[in-house]
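To keep things clear, I will list the structure first and then write my remarks on it.
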Amino acid sequence: MKFTAPLKSNSTKIMLLGSGELGKEVIIEAQRLGIETVAVDSYNNAPAQLVANKAYTINMKNKDEVLDVIRREKPTYILPEVEAISIQALFDAENEGFHVIPNAEAVNKTMNRKNIREFAAERLNLPTSDYRFVTTFEGLEEAAKEIGYPCVIKPVMSSSGHGQSIARNSSNLVESWELAKEARGDASELIVEEFITFDYEITMLTARNENQTVFCEPIGHIQKNGDYVFSWQPMEMSEEAKQKAQEIAKTVTDGLGGRGIFGVELFIKGDEVYFSEVSPRPHDTGMVTMITQSQSEFALHVRAVLGLPLDYIDYGCGASAAYKAQEDTFTPTIDIEDSAFTKNSFVRVFGKPQSHEGRRMAVALVFDKDSSQNALDKSKEIISKFTDC
Ligand SMILES: Nc1ncnc2c1ncn2[C@@H]1O[C@H](COP(=O)(O)OP(=O)(O)OP(=O)(O)O)[C@@H](O)[C@H]1O
Ligand SMILES: NCC(=O)N[C@@H]1O[C@H](COP(=O)([O-])[O-])[C@@H](O)[C@H]1O
Ligand SMILES: [Mg+2]
């Protein structure tokens, strides 16, 4: 196959639906190939909008607004970047001949925990935690009793831990029920999951197109309140666990189909591997690949979308540490010591126009040829010196 640089043919256009920090890097990678880019989100000056050729701010959950912008721009590829998008708009766009990445049904399955859990556990027979779905408080009480404590309670549509909680006994359920309403997407139904006492958890980044599936080295990560704070690559795992992790990732990404990179989230206990969930797009924990791989997860995503070869090299070990804002402000700025910038480390500041406490604003990335642990320690040290100003 031949790749015609789009600036010559002026024919390839990528539209992002969701324009956060992950989308920003996707746009930069697309721009590097001369591809025209359009960034859509629900607020102005979202990170990817700052670097795209064009930006639109719309209500992303409104089917007509999403379809309007698609019909007006006629993108070659539509790349969903967040969960909270009108899924009907994606199905309609696909029916009109637009190419949704990886495909509208895969987005539909993965944006909703009920769809993806039933697909993975009941259709693909992948090992998962035990689970129930509930729509009422009485249902929650019943399900928690059946699953046992502690259990994890999450809205069926949400991300970055919004609306998620762990109930340690029945007296926590009222609080969990109230907290679930803080979901980004849809809290009309909740999943109650068995709490897996895993040894560690990983993201298995899996890039695929019609010709090839490629796995990145496993990424270990730490989450706080359901949101990622540190990640490192590679995560040391037994050969058996790694093999199982790749098999699960292959099964679920083949099952979803289409082109692009997927972040397959897995819990590991001994040599047992449990499927947790999957993002049909770059993963926040995968930001570490900006420093560990010749082609980051964002570059691989763009390559996969374009049907280009997915080969890359690993440079060595690395780690990422997320910086979260400490206060709410419309003029966020961060003080970063110049010691953060070394031959083995750098920082990405997302440029979000507004901060609120706990919002991810920047990431520190560290390379260490031989040790993920050293890279992790260094990345923690770097962000410990960041301050809001
Ligand atoms: N059943 C479980 N047992 C133990 N820990 C869990 C369970 N479910 C979730 N967690 C913990 O909470 C984290 C976030 O959960 P999950 O990935 O389902 O939420 P999310 O809102 O989709 O997050 P993100 O959008 O960042 O991927 C997991 O990475 C894991 O650390
Ligand atoms: N875990 C999913 C994830 O990391 N998504 C990333 O965060 C952005 C939203 O950030 P915000 O909440 O600060 O607007 C999304 O647009 C995406 O880039
Ligand atoms: Mg997750």
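Here the Cβ of each residue, glycine as well, is placed from N, Cα and C on the backbone.
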Recorded ATP site member, picked from ARG113, ARG123, ARG259, that accompanies LYS154, SER159, SER160, GLY161, HIS162, GLY163, GLN164, GLU193, GLU194, PHE195, ILE196, GLU201 in TrEMBL: ARG113
Candidate from ASP130, ASP271, ASP284 that TrEMBL assigns to the same N(1)-(5-phospho-beta-D-ribosyl)glycinamide site as GLU21, LEU22, GLU81, LYS352, ARG359, ARG360: ASP284
GLY161 (ATP binding site) and ARG360 (N(1)-(5-phospho-beta-D-ribosyl)glycinamide binding site), Cα-Cα, nearest whole angstrom: 13
Top Cα neighbour of LYS352 (N(1)-(5-phospho-beta-D-ribosyl)glycinamide binding site) in the set of binding-site residues GLY163, PHE195, GLU201, GLU277: GLY163
GLU265 (Mg(2+) binding site) and GLU201 (ATP binding site), Cα-Cα, nearest whole angstrom: 7
Local backbone state of ASP284 (N(1)-(5-phospho-beta-D-ribosyl)glycinamide binding site), from DSSP in three classes: helix
